[in-house]
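S.K.: As annotated by TrEMBL, signal peptide applies to 1-26. The domain 'Inhibitor I9' annotation in TrEMBL covers 32-104. Summarising the annotation, TrEMBL assigns domain 'Peptidase S8/S53' to 127-607. Residues or ranges marked as active site, charge relay system by TrEMBL: Asp136, His215, Ser548. Under the heading domain 'PA', TrEMBL lists 377-463. Annotated domain 'Subtilisin-like protease fibronectin type-III' per TrEMBL: 662-766, in sequence order.
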Amino acid sequence: MASLLLLTLFLCFTFTAIPFFSPVSAEPEAKTYIFRVDSFSKPAVFPTHYHWYSSEFTEPVNILHVYDNVFHGFSASLSPSQVASVLQHPSILATFEDRRRQLHTTRSPQFLGLRNQKGLWSESDYGSDVIVGVLDTGIWPERRSFSDLNLGPVPTRWKGVCETGAKFTSRNCNRKIIGARFFSKGHEAAPGFGPIGGGINDTVEFRSPRDADGHGTHTASTAAGRHAFRASMSGYASGIAKGVAPKARLAVYKVCWKNSGCFDSDILAAFDAAVSDGVDVISISIGGGDGISSPYYLDPIAIGAYGAVARGVFVSSSAGNDGPNGMSVTNLAPWLTTVGAGTIDRNFPAEVILGDGRKLSGVSLYAGKPLNGKMYSIVYPGKSGVLSASLCMENSLDPHLVRGKIVICDRGSNPRVAKGLVVSKAGGVGMILTNGVSNGEGLVGDAHMIPTCAVGANEGDAIKAYISKNPTAAATINFHGTIIGVKPAPVVASFSGRGPNGLNPEILKPDLIAPGVNILAAWTDAVGPTGLDLDHRKAEFNILSGTSMACPHVSGAAALLKSAHPDWSPAAIRSAMMTTANLVDNRLLPMTDEATGKPATPYDYGAGHLNLDLALDPGLVYDLANQDYVSFLCAIEYGPKTIQVITKSPVNCPMRKPLPENLNYPSIAALFSTATKGVSSKTFFRTVTNVGDANTVYTVKIEAPKGVTVSVKPAKLGFSEKIRKLSYYVTITVDSKNLVLNDSGAVFGSLSWVDGKHVVRSPIVVTQMSPL
């Protein structure tokens, strides 16, 4: 009886002393919010967190997701007054409004240094039994890339499910696709996308893990597709298509929906499920669509990834496609591996032949009826000064001006392939797609529906100048199929997100680059290769570009390394990739930037280009544990309650504040204040773990940035059977009178540990920043 009385008093206090919801008239439209809850506050009388959360509302509320693994809390569709009421509850640590995110849209495995008979493929058995979770648009399971032929049984540790739905049954899962889920509650509750906006459009989407967009099928097969012979996209890039980890298992988490993006609440729910299901690697080619990086405690991708990494799951993310602008890199959390994009040594050349005989090079994946050398008049609608016409936007072209002609369209605003449809509707016979200054000479191939050649900014200017001087200007377009052995390669893609890190420049981002231009991989049958509604072509494979394509290369690489080294942490795997990355192209010259043609820098490529031939045996790794990330968060002045939003568990920051630059990262970024004159120094602390031969001695090799002095103590590290970890200090000294920063506002160098077999290289970035 006494215990019952205490329970009654407890419930009365919990549910009446704190304000909760009451009906409010004329409320504004509800929105979806994500709430971080202190899980330790749950009263014992509730069997689950869902029961606890539900009991807090005095009126029916639509709870969308309950998060238990990577994050504690829930998402719900609430009115502003309801949100205000919830925030008064002492167990609520944080809340953030649901945001819409965007996708960062055969030869590449060999280009990474993978070979059939030896090396990482052989040592890892092609990633066998490692489980890669892909958060994307779903999968088209019938593709040959997802065959389970000769694969062993599903790993016994797997706890996931195969969710069924529209045109997706349990038979669509197999020993390759071992799990599939879809997450749509956040999407359907969003204003403009939910009941008011019509929810999911069942005429173009599937309420199931089936892929109506193609992006998810492409990324999944890039990471872990099986060998598929006689693969091509309409004859382009013909050969054997295969993913980086062909024997790895796939777990599919559909969080993005055709034409409407991906919502944070669904993404976080997918992270939660993936960790619970038992994935080893998570691949997420998704980022903010507004170019703004949120603080980690307000970023569900960063929060979900932390929860995954804390459980030993490697998380690979795309760096975004807003390059070549500086500070455009996204997915900045130091526990994420952030991947930029580079080219491979394959291209799809086309050329514009002008009436005066000049030939201007470009690229194209057009596979229809060619122009056969016939000359057509060319016209540039942008000459009128109307921006929409220069961009060939919908209904912007005058049929009387373009009918029967090749039309010049400027790149930007609407999809590249959509411009061709606009030209076709207006009666044009072909298109020359010209880059602007922001894209420079960076080109990507597209499966255009009319004869089209994409050209760089210089070629575009030359063609426009030719038109302005020649009233009878004419041209034709020739297509030359596929060529391999292109030099130089890799080149940093012009669109690839660039540093410095906009949140914490002490951490260099991106971490590295991987193949992300003109990548052949599996495709959906739901749409044609352009993804346009009017494109009714069917393609088993498609060729796409973006950091979305680079990210799954690293995800597959992580699967191979995890299979070869099951005891390696996510940080150790990233370190192995970064410290062995390439800095030179296939001419053995420094990598260049596609946008400028000049040598690229660590702000463009991070530690360099992924090289799996060396990553298998890196010699030393820079490892990190959960407490290291907590110390970093303390260092950037997050309070304990704020950090708990990310870490789930309560934390205590040390009395002596750590330095963010002392996070044991495989790169070093030294920030000096512009207000400091004369000579100044900073000292960094790093610890390396020997994962190679037990008895070995490493000697430091320094390439100091121009105008900078770098010293390392000790200069030698001796390892043995008993000594597997050793630490060292790096002191970077600058004299403001002699420091001359380059165009990106920094100078660059490196620090390497060398033992005769291994070169364990870390980039060094030195920059100046104005004091706050």
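Our numbering is plain: 1 for the first residue shown, then up by one each step along the chain.
Positions of Cβ are set from backbone N, Cα and C atoms, glycine also.
TrEMBL does not curate its annotations; it predicts them automatically.
Keep in mind that what you see is a predicted model, and the values were worked out from it rather than measured.
Mind running through what each feature is packed against?
M.R.: Taking the domain 'Inhibitor I9' (32-104) as a whole, pLDDT averages 86 in the prediction.
Sequence-distant neighbours of Asp136 (active site, charge relay system) (same chain, 6+ apart, CB under 8 A from its CB) are Leu103, His215, Gly216, Thr219, Ala220, Val252, Tyr253, Lys254, Val255, Cys256, Ser283, Ile284, Ser285, Ile286.
All protein chains included, Ser548 (active site, charge relay system) registers 30 other Cβ atoms within 10 Å of its own Cβ.
Helix, strand and coil counts under DSSP for the domain 'Subtilisin-like protease fibronectin type-III' (662-766) come to 1 helix, 64 strand, 40 coil.
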S.K.: Pull the DSSP breakdown for the domain 'PA' (377-463) and write it out as helix, strand, coil residue counts.
M.R.: 29 helix, 19 strand, 39 coil
S.K.: Under the DSSP assignment, what numbers of helix, strand and coil residues are found in the domain 'Inhibitor I9' (32-104)?
M.R.: 17 helix, 28 strand, 28 coil
S.K.: How many other Cβ atoms sit within 10 Å of the Cβ of His215 (active site, charge relay system)?
M.R.: 26
